[in-house]
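Summarising the annotation, TrEMBL assigns ATP binding site to K9, P10, T11, G17, N18, G149, D150, D151, V188, K197, M198, G199, K200, S201. Annotation source TrEMBL lists L-tryptophan binding site at D137. Per TrEMBL, motif ''HIGH' region' is recorded for 10-18. Summarising the annotation, TrEMBL assigns motif ''KMSKS' region' to 197-201.
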Amino acid sequence: MTRVFSGVKPTGHLTLGNYLGAMRRWADVDQHKADALFCIVDLHALTVDHDPARVRRLSRQGATLLLASGLDPELCTVFVQSHVDEHARLSYLLECVATDGEMRRMIQYKEKAAREQARGGSVRLSLLTYPVLMAADILAYGADEVPVGDDQTQHVELARDLAVRFNQRYGHTFVVPRATHPAVATRVMNLQEPLSKMGKSDDSGPGIVYLLDEPDVVRKKVLRAVTDSGREVAYDREAQPGVANLLEILAACTGGNPSDLSGVYETYGSLKKDTAEAVVEVLRPVQERHKELCADPGYVEGVLRDGAERARAMARPTVDAAYRAIGLLPAVTDIAVSAGR
Ligand code: TYM
């Protein structure tokens with residue numbers, strides 16, 4: 001039985017990158033595997049400057065979009081990270097296994113810390129330790145597979161390293177997980193800056209397609225995508241990153257292959273037009289279902305309540321085992337005390 005865990009953090013409105021790189025496959029493939037869990041990882045949203053009301057709003061919206069994208073609570077567990085204490089409990093133990101040097105080597109930490117500093121802001125300690133919390137998210141559930149976009153590969157590698165190290169030092173406790181990726185669109189790039197990832201927390205709105213963008217907004221963004229100085233439509237990530245990005249998006253939306261598709265188009269204009277329509281069509285059912293779910297907030301709340309309960313029951317035994325393995329004295333419960341008297 002393969003157990004799957006993945007998550008998305010509520011730091012901004014969810015994007016086409018989140019959808020093609022992760023969420024769509026969670027619904028199409030991963031939720032059908034045994035005991036799959038999908039999580040709004042809200043604690044991770046506190047690692048950078050944040051507005052509390054916005055994080056709450058985006059968490060609710062993110063959960064609604066997970067369901068709108070096809071996750072079925074009858075098949076999988078959908079929940080909010082902060083509703084399950086086991087994540088934070090385990091994170092501390094893993095901090096005692098991880099090293100400072102390991103944390104400072106994380107690419108996302110280096111990039112985000114540099115960005116914060118350039119803005120004149122301070123870097124929160126939690127930004128440095130974030131990958132350990134992510135490892136705790138995964139290891140608490142004994143996940144075998146972690147379906148993510150390419151940008152999370154290094155973090156999943158760290159989770160593997162920590163699992164192996166903990167098991168070697170303290171006895172077998174954790175399943176060693178591995179990252180899985182979609183066949184195409186593992187890294188959807190910003191339409192205005194095709195050398196940068198399309199990230200939800202970036203400021204460059206025109207280069208980011210949000211899942212809830214109106215069709216005309218999507219069309220405008222795709223039609224204005226930065227292409228390259230050449231004329232030929234070729235699939236070459238190095239030489240033509242803008243065109244390659246459009247071909248990958250089109251391939252991911254239509255089920256095609258970016259190389260094959262490059263032969264179909266003679267102009268950038270026709271490629272952009274078809275890509276825009278393909279994205280609009282992929283987002284249409286998600287947006288329709290999102291609208292229906294927004295009309296029934298009680299349903300979403302119920303899913304999250306049940307999800308947290310199921311998730312707690314799954315994580316608790318592993319995290320308790322890790323506490324014992326690492327050398328912490330088990331708490332004696334009132335029942336055990338009175339039974340012993
Ligand atoms: P986050 O919230 O940045 O992204 C959620 C998922 O979307 C993928 N993704 C992309 N894929 C392709 N192209 C893009 N432009 C793009 N942008 C985002 C991400 O790879 C991810 O799969 N640290 C994680 C959240 C997390 C997590 C976890 C994931 C916390 N704990 C445990 C898996 C397991 C993150 O920041 O994802």
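Glycine too: its Cβ is placed from the backbone N, Cα and C atoms.
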Protein Cβ atoms within 10 Å of K200 (ATP binding site), excluding its own: 20
Integer mean pLDDT for the motif ''HIGH' region' (10-18): 97
Counts by DSSP class (helix H/G/I, strand E/B, coil) across the motif ''HIGH' region' (10-18): 3 helix, 1 strand, 5 coil
Binding-site residues compared (D137, D150) - highest count of Cβ atoms within 10 Å: D137
Distance from D137 (L-tryptophan binding site) back to M198 (ATP binding site), taken between C-alpha atoms, in Å: 24
Cβ-Cβ neighbours of T11 (ATP binding site) (radius 10 Å): 20
Among T11, V188, M198, the binding-site residues whose C-beta sits under 6 Å from ligand 1: V188, M198
Helix, strand and coil residues within the motif ''KMSKS' region' (197-201) as assigned by DSSP: 0 helix, 1 strand, 4 coil
